[in-house]
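> Quick one: this structure, given as structure tokens, is what I'll be asking you about.
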Amino acid sequence: MLDTLLINIGQLLTMDQEDGLLRREAMNTLPVIENGVVGIENDVITFVGTAEEAKGLQAKEVIDCGGKMVSPGLVDPHTHLVFGGSRENEIALKLQGVPYLEILEQGGGILSTVNATKQASKEELVQKAKFHLDRMLSFGVTTVEAKSGYGLDDETEWKQLEATAQLQKEHPIDLVSTFLGAHAVPKEYKGRSKEFLQWMLDLLPEMKEKQLAEFVDIFCETGVFSVEESKEFLLKAKELGFDVKIHADEIDPLGGAEAAAEIGAASADHLVGASDKGIEMLANSNTVATLLPGTTFYLNKESFARGRKMIDEGVAVALATDFNPGSCPTENIQLIMSIAMLKLKMTPEEVWNAVTVNSSYAINRGDVAGKIRVGRKADLVLWDAYNYAYVPYHYGVSHVNTVWKNGNIAYTRGEQSWSTATI
């Protein structure tokens, strides 16, 4: 006898087509079972099929989904989850046209977050991050990548990574930890970026030993770290056993996309300024293009990443929130789906694949997350929607009814039984 049986599922989005990254037409294809049923036993999916195929199955608990839609738990592969403070005080300055460099000189911008993160205790960072994870869960997300990067020194970077490790034990969402010590060049290292990168590299052996990070990331952009610096840094991280990511071509076509493909990065993220050559190289690689349209939207920029061109050329595209206090303060992956549809010209089918299958591969979780398949963890979302196109179409709200994490109900609309986080 099964533990749980979900019946009367109007559309069951299994996302279970070919293994590996989805490209071109595969991105525009959604495996959907009409009148579907999912069986769960010992926190694992044990049955996926139609109501006809499920005849005779029995379970301790039978949940009637009322003809609504069920999908896998969503995957957010790019967030800056652990940080101190917030930066709503900068909104008026931005609207007045005050340049970012001037905001920095006033102690704002990333420096404000760095200072707040340094001053916060680990427990304060954990509690604040729990609050944000709770929201992510309520939007249907069950797997999240979490970066450090608001320390720019060893002590605070360790604190962020240790906070992430604690969150992994205390919150139902699965976390994937990324070391982003090379997020910016601190003032005291101005003009000495190579020395700073060496300092960050010196932290990696102990980080690997303590298993505090799975990925290493770097911000490759004009005025921060060059393409050559980024490649050298990430290749050394790979030699130490880390997988790598790169913040690439967010503003300028610097060559970050090309570098990511060349060194075999798991993902290249942002890519607003990616060149035609960079897109071509990504299409011929296993590097996922993780696009962050919420950031472009919040920064009030006109030019978005060329998502349509990337997909048409064969790039494996994923979507993420880029949740952070400065350029994209939202946990709402559903809003990102809507923006991607409208501004990146992605179809609803492509959007769904980009927040499940491809996003799971962007963080090396393609074998465990992003699909409803027998043998996988029962990470499921019941939606207050009867078809998949409705979710990105009706934007700005959450359509989630219930979230199951490892077969257990982790969120139900109107209830917050998963955490007592405060902010």
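Glycine too: its Cβ is placed from the backbone N, Cα and C atoms.
According to Swiss-Prot:
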type	residues	note
BINDING	H78, H80, H247, D322	Fe(3+) binding site
BINDING	H78, H80, H247, D322	Zn(2+) binding site
BINDING	R87, Y150, H183, E250, S327	4-imidazolone-5-propanoate binding site
BINDING	Y150, N324, G326	N-formimidoyl-L-glutamate binding site
> If you count other CB atoms within 10 A of each CB, which of H78, R87 wins among these binding-site residues?
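Per the Cβ count within 10 Å, the most buried is H78.
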> For the recorded N-formimidoyl-L-glutamate site formed by Y150, N324, G326, name the remaining residues of the chain with Cβ within 8 Å of the site's Cβ center, in chain order.
H80, F83, R87, I110, T113, G149, P325, S327
> Reported as an integer number of Å, what is the Cα distance between R87 (4-imidazolone-5-propanoate binding site) and H80 (Fe(3+) binding site)?
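H80 (Fe(3+) binding site) has its Cα 14 Å from the Cα of R87 (4-imidazolone-5-propanoate binding site).
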> Let me know how many other Cβ atoms fall within 10 Å of the Cβ of H183 (4-imidazolone-5-propanoate binding site).
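I count 25 other Cβ atoms within 10 Å of it.
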> Other than H78, H80, H247, D322, which residues of the chain come within 8 Å of the Zn(2+) site, judged by Cβ distance to the Cβ centroid of those residues?
T79, K147, D269, H270, L292, T295, A320, F323, N324, C328
> Neighbour count first, Cβ atoms within 10 Å, every protein chain included; then name which of E250, D322 tops the list of binding-site residues.
D322
> Sort out for me which one of H80, H247 has the most neighbouring CB atoms within 10 A, since those are the binding-site residues we care about.
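Output for this query is H247.
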